[in-house]
Structures are given as structure tokens and as C-alpha cells.
Amino acid sequence: MSESGLRVVWVYPDLLSTYGDQGNVLVVERRARQRRLGVQRIDVRSDQPIPTSGDIYLVGGGEDRPQRLAAERLRRDGGLNRAVDNGAIVFSVCAGYQILGHEFVNDLGQREPGLGLLDVTSTRGEGERCVGDVLADMDERLGLPQLTGFENHQGVTHLGPTARPLARVRLGRGNGTGDGTEGAWNDTVFGTYMHGPVLARNPQIADLLLKLALDVNALPPADDRWYEALRAERIAAATQPA
Amino acid sequence: MAGNTEPLPPRAKLAVTAGKAAAAVSRAAGRGSGSVIGGKVALRLDPDLLAKLAQNLDVVLVSATNGKTTTTRLIAEALRAAGPVVSNALGANMPAGITAALAGSGDARYGVIEVDEKYLAAVARDVTPKAIALLNLSRDQLDRAAETRMLAEHWREGLSGSKAVIVANADDPLVVWAASSSPNVVWVAAGQEWKDDAWSCPACGGVMQRPGDDWFCGECGFRRPTPSWALSGDHVLDPHGSAWPIRLQLPGRANKANATTSAAVAAAFGVPPQAALERMYSVTAVAGRYDVVSFQGREIRLLLAKNPAGWLETFSLIDGPPAPVILAVNARGADGTDTSWLWDVDYSRLAGHPICVIGDRKLDLAVRLEVAGVDFQVCENAAEAVRQCPPGRIEAIANYTAFQDLRRVVGN
């Protein structure tokens with residue numbers, strides 16, 4: 001953490017900010033400030049170098065062509081990989097999640113190399129797009145309450161041996177592999193298909209990122225009233241469809 | 001160019017009659033105006049009906065993510081200076097709704113037709129328009145719609161062989177990309193506040209440079225075309241350099257932009273700017289939008305905003321603080337069922353306004369506003385929200401079905 005506080009990097013808003021995922025940055029910033037932590041938000045456009053000294057990197061979802069362009073530019077830049085080598089925390093969503101893996105299928109139908117920061121490989125599903133509310137149980141090692149979110153993707157993501165599923169779906173498709181897994185994580189890098197945005201629906205995950213970045217076990221409490229009300233409503237809506 | 005004098009062939013006549021009968025049945029069953037079901041029945045009986053109905057009309061098509069219903073109305077008013085007009089004024093903008101509207105064309109000479117973005121290329125093939133107005137393209141209902149750039153690509157392919165005059169917004173790179181495959185384009189500097197769907201060059205994927213009002217791709221040279229019409233403050237600048245004042249009753253920069261595009265379309269039909277603009281001044285509300293309604297001793301202005309670009313333009317037209325604001329959001333089928341887009345709207349712009357939130361997804365709004373750091377109240381319904389506001393003007397901003405709900409409650 002630098003003297004100005006936590007450095008939160010929003011990766012490529014020009015390409016990977018199409019599905020409201022910048023809400024994840026806003027929630028991380030807000031929850032840090034509520035704990036009186038200094039925060040510096042750094043938006044990095046795809047014609048700028050990725051800084052390697054950030055504490056938390058957030059990567060969002062995007063459309064198919066921007067996803068390919070983002071992967072090309074992130075590979076060429078190399079900054080995100082160096083940041084992870086330096087111990088940075090990365091949280092990624094949907095197209096961003098696929099980019100962090102070994103490879104994915106791009107808009108031209110070709111296999112596109114990713115950054116290899118997560119031990120996952122993505123292909124494109126044959127069936128219908130996965131669209132709708134999701135409810136899932138978080139990996140028990142994370143000790144977090146249920147995951148709620150909204151998925152909108154055609155991807156199928158297979159996990160390798162060094163990635164753990166972020167959650168197991170009760171409702172929805174998640175990784176689309178049919179084995180009930182959703183998302184992936186290792187010690188410092190996280191990926192999910194959930195929009196919503198996911199950190200607005202699951203502020204405890206935002207707090208987890210803050211704790212990992214600060215290397216602390218607990219944070220002062222924050223006012224979670226509206227988050228909890230929204231969570232209760234979305235979980236009820238997912239389990240009792242109208 | 002003549003009026004609708006050529007008689008319809010028997011099959012088309014039968015289809016129109018059957019469509020009207022179906023519409024009447026639908027109305028009797030209390031299912032709205034029945035125009036869409038009528039159009040569907042008619043199109044099934046005669047798939048070429050739309051083309052036949054349009055063949056004696058001079059048609060202009062209007063498409064965009066935002067502003068198409070209002071612009072359709074403004075163009076319709078302007079063209080009435082030249083002759084009778086038929087229009088799908090209520091926003092039924094897919095082929096069935098358009099067919100139903102044209103089936104009632106009577107002696108109309110001009111057809112002013114709003115078209116859903118996804119159907120523009122197909123409708124343009126069917127009705128052989130004289131002009132097509134393209135206003136803007138931005139993210140909208142991404143859980144059910146095509147990707148925004150793919151829509152631009154679809155327009156580009158669909159319009160490349162069109163003989164129509166394309167009247168297109170030079171300030172939206174996606175619209176310019178879509179229009180620039182056409183041989184005959186009139187560029188209008190209509191402006192666009194929302195820029196976040198066009199940072200990536202639609203031609204080559206390069207990063208777009210946007211100094212001031214200009215834009216260009218640093219890699220392939222794709223750039224803003226020189227406009228012949230422009231919105232400049234409160235004036236329309238025409239191709240001869242004359243400035244015409246805009247005195248709309250409709251509020252906001254976006255509607256001045258819509259009026260500018262409408263004036264350029266009217267000119268293509270021989271209606272001069274002054275005559276066109278003066279006719280637009282009579283418009284006070286469009287399908288309930290911008291209407292001011294008295295309710296519980298307050299004056300509620302009803303504003304529709306369906307996506308981030310629409311909310312951005314709406315924030316710039318409302319009265320400043322301390323005017324109270326009611327925000328209403330649903331996520332039913334017609335709205336798109338994903339509410340993530342709320343996070344692409346900068347709600348910190350509402351700081352200082354008393355804010356009440358309502359609608360099916362009021363809790364999504366509550367979290368959004370909490371994170372934006374603005375004060376708000378969560379209310380059960382519109383009546384309660386209005387009671388929370390002091391007497392006077394209230395700005396009510398709602399997305400699609402929330403807007404319809406609100407109109408019902410306040411008796412609009």
C-alpha cells in the first residue's frame with residue numbers, strides 16, 4: 001500500500017466496462033473509505049501501460065471483439081502479470097475472467113491466449129446463452145455467505161488443478177460445465193461470471209479483497225443495511241420464482 | 001410522390017381488413033390498442049403488405065437507441081407543412097406495429113416511421129424510404145439485445161445499397177460507421193453526451209481520440225465527418241450558414257438535437273427550416289414523456305430514461321436542487337432483467353436533490369445511491385413518494401415499465 005492509500009486499478013474501461021461492472025470499483029472504493037482508508041482509483045485505458053504497483057486490480061466484462069483487443073493489449077503490456085508477481089489482488093468478471101485464464105475463444109472463433117493468471121481454459125458453449133439470476137454457495141474455504149449475481153454469457157470455463165471453484169451453483173449455470181462450479185480462484189486472483197454488479201450484491205467479497213490487500217483478518221463494520229436488503233430480495237427472487 | 005391513390009391488390013385489402021378485425025377483438029379484450037396483433041395477423045396473410053402499403057408514400061425511417069419516438073413526432077409535425085402524414089406515433093416500432101400504422105394511412109402522402117434498431121435494415125428493404133434518420137447507438141438491455149457495435153455493423157450492411165438520403169449524427173462514431181457505407185449522407189452535428197460505447201474504433205478497434213467535440217481513430221484514420229447541419233446552443237445551423245432559433249416546449253439538449261436532425265430531414269422533403277421548426281413547437285409531450293401532471297397538489301414531470309445514455313441526458317434537463325426527484329426502476333421483460341446498467345449511470349449528479357426511489361428494483365437503486373454517497377428515501381409506491389415531496393414541481397425519472405406504472409398512478 002502506498003502513502004496515498006490503497007491503489008485500485010480499473011483495467012481498460014474503454015473495452016471492458018460494458019455490463020455495469022465498474023460498480024465493483026465503486027463498491028471497493030466506497031467500502032474502503034467507510035473504513036477511513038485512503039483510496040486512489042486509477043483508470044487505465046487500453047493505450048496506456050498497466051501500473052505494476054497497484055494493490056487491487058478489477059477487470060470487467062465486455063463484448064466479444066473488445067475482449068480480444070483487451071487480451072492482445074494486456075499480453076503485450078505484461079503489467080498485470082508483473083503486478084500479480086508483486087502480490088497484487090485481481091478480481092475479474094465474465095470476459096475479464098476468461099482473459100485471465102490460459103485461453104478462450106475469440107470473436108473470430110479462434111483460440112486466443114490469455115494471461116495464465118488463473119488455471120482455467122474457456123470455450124464457447126453450444127447451447128443457449130446463460131442469462132439470468134444466479135444463487136450459489138461460496139467455496140467453504142472463503143467463509144463467505146451465499147453468492148448472488150446475474151449471468152449473461154455463452155462461455156464454458158474448465159478449471160485446472162491449481163484453481164478452485166469460487167462457488168457451487170444452486171440456481172443458474174456459472175462456469176457452464178455442467179458440474180455446478182462457478183468462477184475460480186487461487187490465492188490472489190479471482191474470476192466469476194457474475195454481474196449485478198457482483199460486489200454490490202456481495203459486499204463481503206469486496207471486504208475480502210480489501211483484507212487480502214491490507215493483509216489483515218478483519219475490518220471495522222460498515223453499514224450494510226441496503227446491501228442486506230437487496231441480497232435478501234434477490235435470494236428470495238431466485239429461490240421463489242414468480 | 002403522389003398521394004395514396006393506387007388501389008391495394010385484393011390480397012392486401014383482405015389482409016388489412018383481417019388485421020383491423022383482429023385489432024378490434026384485441027381492444028375489446030382489454031389488451032391495449034390492438035395495433036400490434038392486428039399488424040401480425042395482416043402480415044401473416046400477406047407478407048408483402050408492408051411494402052405494398054408504403055409504395056405510394058414518401059417514407060422516412062427513424063432509428064436510434066434513444067430519442068426515436070420524439071424525433072418521429074417532430075419530423076411528422078414538420079412534414080405536415082407539406083401534406084398529410086401517417087406515423088406510428090405511439091412507438092409500436094417493429095414490423096407488425098408499423099404495418100398496422102400504415103394500414104390506416106388514408107390519403108397520407110408521407111410516412112414517418114420509427115423503427116426498432118434491430119429491424120431497421122429489414123424495414124428499409126421493404127418500404128424503400130426516401131430518407132433514414134440515425135440518431136445514436138449505445139448500450140441498452142444487454143441481457144436480450146445484440147451487442148452495440150454489432151448493431152452498427154448490421155445497419156452498415158443493411159444500408160449499403162440503399163438509395164435513401166441518410167441523415168446521420170456526425171458526433172456518434174457508431175452511427176458514422178453505420179452510415180458511411182451509404183452514397184448519400186447528410187451529416188448533422190447533433191452532439192452526444194454519452195461516449196462510453198465508442199472508445200474503440202468501430203472500423204479497426206484502435207483507441208479513439210476525442211479532443212473537444214472532435215473524434216478520430218489514431219490508427220486507421222476513421223474520423224468525424226464534416227457536418228452540413230449543426231446544433232449550436234439554442235440554434236440550428238443549416239448548410240447555408242443560417243442560424244434558426246429553437247423554441248421547443250420539450251426540454252433538454254437532447255430534444256434540441258432531435259429538432260436539428262428533424263429540420264435536416266424536413267429539408268430533404270422540401271420543407272424549409274423555419275417552417276419545420278415552427279411546427280415542432282406545438283409538441284408538448286410524446287406518448288406521455290415530458291408531460292407535467294397534477295397529482296396530490298404537486299406538479300409531476302414524467303421523464304422516461306431506459307439506459308445509461310438516456311439517464312445522462314435526463315439529468316442535464318431536470319430542475320436543479322432543491323427540486324425533488326423520484327427515481328423508478330423495474331426489470332421486467334421490456335426493461336431488460338439485468339439491473340447492472342444502473343452502475344454505468346453517474347447518480348452523484350443528483351447530489352443536493354431530495355430523492356425518493358420506487359419500483360420493483362428500488363433496492364438496487366438504494367445500494368447504487370448509497371455507494372454514490374447521495375441521500376435518498378426508499379418508498380413503497382408512487383403515492384407515498386409524492387407525499388414525501390414538498391408541494392411544487394417534482395421530476396420523476398423512470399425506465400420503461402416503471403414509466404407506464406407511474407402514468408397509471410398519477411392519472412396520465
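The backbone N, Cα and C atoms fix where each Cβ goes, and this holds for glycine too.
Straight from TrEMBL, the features:
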{"type": "DOMAIN", "residues": "B:65-266", "note": "domain 'Mur ligase central'"}
{"type": "BINDING", "residues": "B:C201, B:C204, B:C217, B:C220", "note": "Zn(2+) binding site"}
{"type": "ACT_SITE", "residues": "B:D338", "note": "active site"}
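Features as recorded by TrEMBL, highlighted on the structure.
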{"residue": "B:C201", "record": "Zn(2+) binding site", "contacts (Cβ under 8 Å, 6+ apart)": "B:P173, B:V207, B:M208, B:C217, B:E219, B:C220, B:F222"}
{"residue": "B:C204", "record": "Zn(2+) binding site", "contacts (Cβ under 8 Å, 6+ apart)": "B:C217, B:E219, B:C220, B:F222"}
{"residue": "B:D338", "record": "active site", "contacts (Cβ under 8 Å, 6+ apart)": "B:L142, B:D143, B:A331"}
Non-site residues, in chain order, whose CB comes within 8 A of the mean position of the CB atoms of B:C201, B:C204, B:C217, B:C220 at Zn(2+): B:P202, B:A203, B:G205, B:G206, B:M208, B:G218, B:E219, B:G221, B:F222
Validating a neighbour-count step here. Other CB atoms within 10 A of the CB of B:C217 (Zn(2+) binding site): how many? 19
Near chain A at Cβ under 8 Å, of the listed binding-site residues B:C201, B:C204, B:C217, we get none
Let me check the 10 A CB neighbour count of B:C220 (Zn(2+) binding site). How many other CB atoms are there? 12
